[in-house]
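Engineer: Quick one: this structure, given as structure tokens, is what I'll be asking you about.
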Amino acid sequence: MSRGDMAKPLLGHRSLEGDPSMPAAGRTIGVLGSGDFARSLAIRLVCSGFKVVVGSRNPKRKAGLFPSAAEVTFQAEAVKKTDVIFVAVFREHYSTLCDLADVLAGKILVDVSNNTEINHHKESNAEYLASLFPASTVVKGFNVVSAWTLQSGARDGNKQVLICSNNQEAKRTIAEIAQVMGFTPVDMGCMSSACEIENIPLRLLPAWKIPIFLALGLFLCFFTYNLIRQVIHPFIREQKNKLYKIPIEVVNTTLPCVAYVMLSLVYLPGVLAACSQLYYGTKYRRFPDWLDQWLQHRKQIGLLSFFCAALHAVYSFCLPMRRSHRYQLIETAVKQAVEKKMNIWVEEEVWRMEIYISVGIIALGLMSLLAITSLPSIANSLNWREFSFIQSTLGFIALVISTLHTLTYGWSRAFDENQYKFYLPPTYTLTLLVPCTVILAKVIFSLPCIRQRLLRIRRGWEKGRYVKFVLPSATGEFSSGETSSNV
């Protein structure tokens, strides 16, 4: 099953009160196991109004670990008192339950286990459990929920509970229990999906790998470029040791470049998608895989952009605190005293720095708003128009203001030949290429003629279709032809 199916809820939105299909508050649920997850699961079930019976091999020793409302007894006794049992033991301990096979017959077993490695076994834990107890109905679920989330409830973190089974009625029963506990059940299909569900908790930031590698690649490129200009060039040309600039100055020059370029990369795939739709005259043509992946990773790219921008702000704030900066201030003051310069005020530079800092603060504020509204807890409280306005309109404004921030930083230095060290242009001029392309494309798309055409395409209009027709030839035979008709 594709990952897109994870967004499909198993149960529709309905009120829990007065619904006879929902499990009663006094329903008894069994839990086999006495580990951390079993204890957290028992706590959450009790808080949700269920009666809980915990089966343990050592009930007297384990009873104090569970809430007083839960009954802790031997495994065989716990199994007899309920029809729904959460198996909260490790895969290697499944065989210890084989003595209960006759008692477990006809009952629903919920496998909540995970592996230590991706695809560690040929078959999933749930499938292995089902092979041991063929007379029982096995449901895979709750393995993507942590013990901490169970204890604190579904207020924080991911609310989704992925469920799969070959029995539709058993899936519905477990889904109803999950919904009463405050989670959102998601149907992942039949038992063959259990392996994929078990691999999900083992993956380390799967949606972040490409954006992180992209950010690291940009950082290394810009860092190397700035290192050549700020450290290597003065060492070769003037024999000056500028290595002290590497930890703060070179990094601080690199971070805004990465943040600025990555912010533009959030909106560049939208421009490419619009160009594709305009070129082919339809929205039904599938985008290339690379563009589709790019569109799906925009959120992560934007958050990394904000992270780099926030680091740049902190680094910039700390610049005057460096010992090297103090030495340079003293050296400048001594030179002015020797040269008897009483007034060094430069009006243009003062205004440039004031505008540069002010615009930078506004850009960081807008990027903070974009980052906050991308969080699920905040995004879920917004309707689609509000979310689109913040992420699209305000995001584009943030890109424009970031461009102004970059331009005021450069000012007229792009035309100063002394800035071209080793004939390399200043770094900020390179960062302007992609953002200015995006801004120019957005301006073109806002023209009425193009905007209306793009809007029609996105509402389902297609440029044309070829309709086959048949014409009689001079010999009386029929020949086929094609014509285009707008839809």
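Glycine is treated like the rest: Cβ placed from N, Cα and C.
According to TrEMBL, the protein has these features:
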- 28-115: domain 'Pyrroline-5-carboxylate reductase catalytic N-terminal' (DOMAIN)
- 258-399: domain 'Ferric oxidoreductase' (DOMAIN)
- 1-21: region 'Disordered' (REGION)
- 210-228: transmembrane segment (TRANSMEM)
- 258-280: transmembrane segment (TRANSMEM)
- 301-322: transmembrane segment (TRANSMEM)
- 355-375: transmembrane segment (TRANSMEM)
- 387-408: transmembrane segment (TRANSMEM)
- 428-450: transmembrane segment (TRANSMEM)
Engineer: Can you count helix, strand and coil residues in the domain 'Ferric oxidoreductase' (258-399) using DSSP?
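Structural biologist: Within the domain 'Ferric oxidoreductase' (258-399) the tally stands at 118 helix, 0 strand, 24 coil.
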Engineer: Please work out which recorded stretch in 210-228, 355-375, 387-408, 428-450 has the most C-beta pairs separated by under 8 angstroms from the transmembrane segment (301-322)?
Structural biologist: 355-375
Engineer: For the domain 'Ferric oxidoreductase' (258-399), report the average pLDDT of the model, please.
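Structural biologist: Over the domain 'Ferric oxidoreductase' (258-399), the predicted model scores a mean pLDDT of 93.
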Engineer: Given the cut-off of 8 Å on Cβ pairs that are 6 or more apart in sequence, determine whether the transmembrane segment (355-375) and the transmembrane segment (210-228) share at least 3 such pairs.
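Structural biologist: Per Cβ check, the transmembrane segment (355-375) does not touch the transmembrane segment (210-228).
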Engineer: Hey, which bits of the same chain come close to the transmembrane segment (428-450), Cβ under 8 Å, at least six residues off its ends?
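Structural biologist: For the transmembrane segment (428-450), the list is 225, 256-257, 260-261, 263-265, 267-268, 271, 274-275, 278, 396, 399-400, 402-403, 406-407, 409-410, 414.
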Engineer: Residue counts in helix (H, G, I), strand (E, B) and coil for the domain 'Pyrroline-5-carboxylate reductase catalytic N-terminal' (28-115), per DSSP?
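Structural biologist: Residue counts for the domain 'Pyrroline-5-carboxylate reductase catalytic N-terminal' (28-115) by secondary structure: 39 helix, 23 strand, 26 coil.
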